[in-house]
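As given in Swiss-Prot:
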- 1-175: topological domain 'Virion surface' (TOPO_DOM)
- CYS33-CYS55: disulfide bond (DISULFID)
- CYS47-CYS127: disulfide bond (DISULFID)
- CYS107-CYS149: disulfide bond (DISULFID)
- 176-196: transmembrane segment (TRANSMEM)
- 197-212: topological domain 'Intravirion' (TOPO_DOM)
Amino acid sequence: MAETKEFKTLYNLFIDSYLQKLAQHSIPTNVTCAIHIGEVIGQFKNCALRITNKCMSNSRLSFTLMVESFIEVISLLPEKDRRAIAEEIGIDLDDVPSAVSKLEKNCNAYAEVNNIIDIQKLDIGECSAPPGQHMLLQIVNTGSAEANCGLQTIVKSLNKIYVPPIIENRLPYYDPWFLVGVAIILVIFTVAICSIRRNLALKYRYGTFLYV
């Protein structure tokens, strides 16, 4: 898989931004993880999985940083698509990132109903790349069941939108005409990743990696 070309989606840009924001805050991230990701399931093809522990004691901050990263990345999309994805996920683009979003409320309820104490299972949907290419899917465990739930929801939406190298190499440049070009290219390639599918029940189990 190391010899193939990497196939990137908006989720890759999102997770890079999220990791940068986590690193910028002088809050201990080496605390013992209260929550571990036990399994990652979904539809996988040519997909490499990486689990990164960035456990924080402040679950609210981790959720806020996640929303900030999401808003920044989807700014590359046309407004109609941007708002449609945000609504699907449960984030109000008119609110400040620190506001408690519908997504966060849903994830709080999810964690409470499922009584997640130690091990959490994530369903990330689809992770597929064309032949001769691979996708690197990074899952960041912040040690919060609520934040991990939010990440699960975001990856399902953003991992469907392919990012051509011309866009990746010029980020973060936000000239209006550039954004128009970005929007057109993104729309053209949105369905590229959705055309290649294969079902796999389990991709990762705590302490074990399976590559497809």
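Placed from the backbone N, Cα and C atoms, the Cβ positions cover glycine too.
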Closest of CYS33, CYS55, CYS107, CYS149 to CYS47 (disulfide bond), Cα positions, disulfide-bonded residues only: CYS149
Cα-nearest neighbour of CYS127 (disulfide bond) within the listed disulfide-bonded residues, CYS33, CYS55, CYS107: CYS107
Integer Cα-Cα distance in angstrom, CYS149 (disulfide bond) to CYS55 (disulfide bond): 14
Disulfide-bonded residues listed as CYS33, CYS107, CYS127, least Cβ neighbours within 10 Å: CYS33
Length of the line joining the Cα atoms of CYS107 (disulfide bond) and CYS33 (disulfide bond), in Å: 18
